[in-house]
Each structure stands twice: as C-alpha cells, then as structure tokens.
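Quick look at what Swiss-Prot annotates:
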- H9: active site, tele-phosphohistidine intermediate (ACT_SITE)
- E87: active site, proton donor/acceptor (ACT_SITE)
- 8-15, 21-22, R60, 87-90, K98, 114-115, 183-184: substrate binding site (BINDING)
- H182: site 'Transition state stabilizer' (SITE)
Amino acid sequence: MYKLVLIRHGESTWNLENRFTGWTDVDLTATGVEQAKNAGRLLKAEGYDFDLAYTSVLKRATRTLWHTLDEMDRTWLPVQHSWRLNERHYGGLQGLNKADMAKQYGDAQVLVWRRSYDTPPPALEPQDPRSERSDVRYAQLDPSQVPLTECLKDTVARVLPFWNESIAPAILSGKRVVVAAHGNSIRALIKYLDGISDDAIVGVNVPNGIPLVYELDANLKPIRHYYLGDAEAAAKAAAAVAAQGKA
C-alpha cells in the first residue's frame, strides 16, 4: 500500500479578504503560517515522513510546504516546483471580492464561476496588468500555456500530466510523497483519483492547511482517504470554503 499526502496552502491574504486569487502570487497570513506549522506538527506526531515534496510556483503553497517541513525537521528534502500545480486561473475575477460579485451577479452565477466543472470565468485580456504572461517564472512556457482564465476541466488537463509524469512514478518507485498545492489543483487530483463525476465535484471543498491522506493500492487506486486530526474541524473548515462565494 502507498500513501499520498495532499495539503492545501494555509490561509492567504486574499483568502482573508475573500478575493478570487488564482495565479496572483499573494502571501500567507499569520493564521496561514500557523496552519502550515500545525500540519507539520500533526504529520510528525502521526509518524509520517517523506522522501520527496512537490509544490506550485506560488509563494502561498511554497511557504506552506516550508513551514510544514520545518516542523518535521525535513527542510532538506528535495522539492520540485511546477506551474502545473498552480491554482486554477480565475481570469477577470482575480482580485475581486467573492461576496461583492455574488451581490452583483447572484450566488448561483458565482457558484458556477467558482465550482462548475466546465464553465470558466470571463477571461483576462492578454495586455491586462493582472496577466502572468510576462512573469519571469513562466518564461520557459509558450504564452498559450499561461492561461487567461480556466475552468476546473482546464485545471485537470493541466495537472494530470504532472501526476502521470512525475508524482505517480515517484510513488510507485517507493518514494513517500507530500504535495502542497491549492484548492482547485488538489480538487483536480481528487476528481481523478476518486473518479468523481463532473457534477459531483462541484460539492467538493478542500480546507486550508489540513493534511489529506490517500491510501492507494498497487495501481494507485484509492483504498480510502481521510483528513488528519479532528474530522469535525476539517468538515467545518470545508463548509466555510463552500460559503465564501455567497452574498
């Protein structure tokens, strides 16, 4: 049996302000730092250890991984960063307040933008200063690979090649793997691993900073999955994520 640990980054400044974040590179709040440290303490207390870590190129996930590994005295572990683990791109909504958008467009429309599988938000214009196409961290990519908006279907298509080419082979080779990423890149992995339907994935929410453990069989098919720590607290945190887009 293999294990995979997934951690959504701790609370970010724009989580706190209830803004659509996407690829905008905001930092952790003090609460987010503490959530990341607590994840590390919890993993250490439960006897977890790792050989290899993966994260995105966005600082809220990277720093979550740092703090988690620091609490485990594993800051020396090899870490692979990939843009493919970035958050879903929220297009023209990036930087806007979710509740304000719900008041303007209605809860149902914001839910579609936030959680629907195949409906992206309005796209950024390529010349919009919020676009990441001129960001040096994506300089090795073809501009067409740097999105101007994404739906979850797009995020799944972006994340799965990295799973298939990097993460899954590492697990199958016997490496103990932790992934620190984002709500929607983790939802993309959850959808794939659990075979969740396009409709059902709308109801899946991932709380900040709580380790999600997958136990996998020899073919990397899930045996079971669970959040470490207080299950009730994890459920409440996931419900709070679900409520962010309401007026």
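From the backbone N, Cα and C atoms, a Cβ is placed for every residue, glycine too.
What you are looking at is a predicted structure, and each value in this text was computed from that prediction instead of being measured.
Overlay of Swiss-Prot annotations on the structure.
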residue: R8; record: substrate binding site; DSSP class: strand
residue: W14; record: substrate binding site; DSSP class: helix
residue: G22; record: substrate binding site; DSSP class: coil
residue: E87; record: active site, proton donor/acceptor; DSSP class: coil
residue: K98; record: substrate binding site; DSSP class: helix
residue: H182; record: site 'Transition state stabilizer'; DSSP class: coil
Which number gives the other C-beta atoms within 10 angstroms of the C-beta of R8 (substrate binding site), all protein chains shown included? 30
By a simple count, how many Cβ atoms lie within 10 Å of the Cβ of G22 (substrate binding site), its own Cβ left out? 27
Which residue among the recorded positions E87, R88, G183 has the fewest other Cβ atoms within 10 Å of its Cβ, if you could check? G183
Distance between the residue listed as 'active site, proton donor/acceptor' and R8 (substrate binding site) at the Cα atoms, whole Å? 10
Would you count the other CB atoms within 10 A of the CB of K98 (substrate binding site), including those on all shown protein chains? 22
Around the residue listed as 'active site, tele-phosphohistidine intermediate', which residues of its chain at least 6 apart sit with Cβ under 8 Å of its Cβ? L28, G32, A36, L58, R60, A61, R63, T64, A180, A181, H182, N208, G209
